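Working notes for the structure below.
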Amino acid sequence: MRSLTRRWLDLAYWNVTNKYPRYLARFPRKFSTNQDDVEDFGNYSVILPEEPFIFGVSHIQPRRVPGHILKPPYALTPDGIPDPKTKFGSGKIKLGGEEESRLRAAAQLAKKVKKFAGSQVKVGVTTDTIDSAVHDFIVSHSVYPSPLHYQGYPRSCCTSINNIIVHGIPDDRPLENGDIINIDITLFLNGYHGDTSETFLVGDVDEPGKELIEVTNTSLERAIAICEPGRPFKAIGDTIHEYIRDKNYSVSSQFTGHGIGSVFHSPPWIIHSRNDEPGVMEPGHCFTIEPAIIQGRNPRGWIFPDGWAASTENCARSAQAEHMVLITENGADVLTR
């Protein structure tokens with residue numbers, strides 16, 4: 001990090017323990033005040049909550065979606081919480097029919113939107129501007145941006161910069177030369193969700209940052225490569241573990257992939273670290289694989305006062321990549337590639 005490393009880390013700890021102590025359990029250890037004890041993960045700016053702290057997101061005005069666009073059920077409730085009776089689907093679809101056709105179409109449009117979002121990434125552009133462009137692009141296709149109003153989330157995509165693992169809320173911070181940014185896109189088309197993400201370089205990123213993204217993308221591809229009917233879901237975590245075990249990286253175990261289809265998040269839950277979860281892949285299963293790879297050997301994160309953005313505990317950088325995988329009779333198709 002830059003020369004302000006110790007100051008940033010001490011400030012992060014002070015903020016959590018003094019201003020919102022209920023997060024202390026997620027941020028349990030004080031950083032060393034000895035600069036020599038702080039591991040150097042490269043040259044980048046650390047993202048911390050703005051002061052004065054605002055808890056929650058009620059102060060953020062959501063963007064409007066035209067009334068003719070089909071909305072997912074949670075978007076029609078006051079709090080964005082899915083109806084418990086329909087919250088979880090089976091995580092499987094019927095192959096060879098309308099369900100598969102609609103799911104593939106949603107995934108391909110999500111891929112297109114992700115590419116568009118990446119084209120907006122430039123030094124000096126704010127993530128709020130990117131979110132606005134993504135929102136307008138999705139709505140122009142008469143499609144709903146799935147994150148909007150989901151459990152109260154106030155924006156149409158997630159933008160996670162540097163030390164933010166997942167769920168960064170777009171805001172007015174301009175992107176800086178040397179940032180890395182994950183943009184997570186999900187949309188709701190004809191009753192089905194398409195979900196994908198990628199971590200992009202902003203300007204001239206240092207070698208540790210580039211390597212982090214490369215390791216993340218390779219982790220995802222290796223996990224995809226083992227998917228097939230009859231394979232245990234836990235093999236995904238085993239594969240990523242074996243790939244990074246001898247590297248100075250870790251994988252977040254706090255955030256998982258998930259089944260996806262007519263329901264945004266459903267079983268099967270995809271754990272990216274080594275685990276003993278039961279279950280095997282069967283034809284018709286559609287799920288996301290989305291490992292968040294973190295610099296160093298500390299995978300823990302803590303949540304900002306907004307209730308969404310998750311930072312690494314020690315402010316190391318994190319990168320994420322995500323694809324939708326559909327298990328077929330003979331193998332697996334990557335729907336968002």
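Note that Cβ sites are derived from N, Cα and C of the backbone, with glycine treated the same way.
Keep in mind that this is a model prediction, so the values were computed, not measured.
Pulled from TrEMBL:
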BINDING   His167, His265  substrate binding site
BINDING   Asp184, Asp195, Glu322  divalent metal cation 1 binding site
BINDING   Asp195, His258, Glu290, Glu322  divalent metal cation 2 binding site
DOMAIN    102-329  domain 'Peptidase M24'
Review point. If you count Cβ atoms within 10 Å of the Cβ of Asp195 (divalent metal cation 1 binding site), leaving out that atom itself, what do you get?
Key: 28
Point to revise | Of His167, His258, His265, Glu290, i.e. the binding-site residues, those within 10 Å of Glu322 (divalent metal cation 1 binding site) when Cα atoms are compared | key: Glu290
Exercise for review: By Cβ count within 10 Å, point out the most packed of the binding-site residues listed: Asp184, Glu290, Glu322.
Suggested key: Glu290
**Study point:** Environment of Asp195, His258, Glu290, Glu322, the listed divalent metal cation 2 site - residues of the same chain whose CB lies within 8 A of the CB centroid
**Key:** Asp184, Thr186, Thr196, Ser197, Gly257, Ile260, Ile270, Phe287, Thr288, Ile289, His323, Met324
**Study point:** Any further residue of that chain within 8 Å (Cβ to the Cβ centroid of Asp184, Asp195, Glu322) of the recorded divalent metal cation 1 site
**Key:** Ala110, Ile185, Thr186, Thr196, Ser197, Thr288, Glu290
Review point. What mean pLDDT does the predicted model reach across the domain 'Peptidase M24' (102-329)?
Key: 97
Check your understanding: How far is it from His265 (substrate binding site) to Asp184 (divalent metal cation 1 binding site), counting Cα to Cα, in Å?
Key -> 14
Revision key, fill the gap. Smallest Cα-Cα separation from His167 (substrate binding site) among the binding-site residues Asp184, Asp195, His258 is shown by Asp184
Check your understanding: Which residues does His258 (divalent metal cation 2 binding site) neighbour through Cβ under 8 Å, counting only same-chain ones at least six apart?
Key -> His265, Ser266, Pro267, Pro268, Trp269, Ile270, Phe287, Thr288
Check your understanding: How big is the gap, in Å, between the Cα of Glu290 (divalent metal cation 2 binding site) and that of Asp184 (divalent metal cation 1 binding site), rounded to a whole number?
Key -> 10
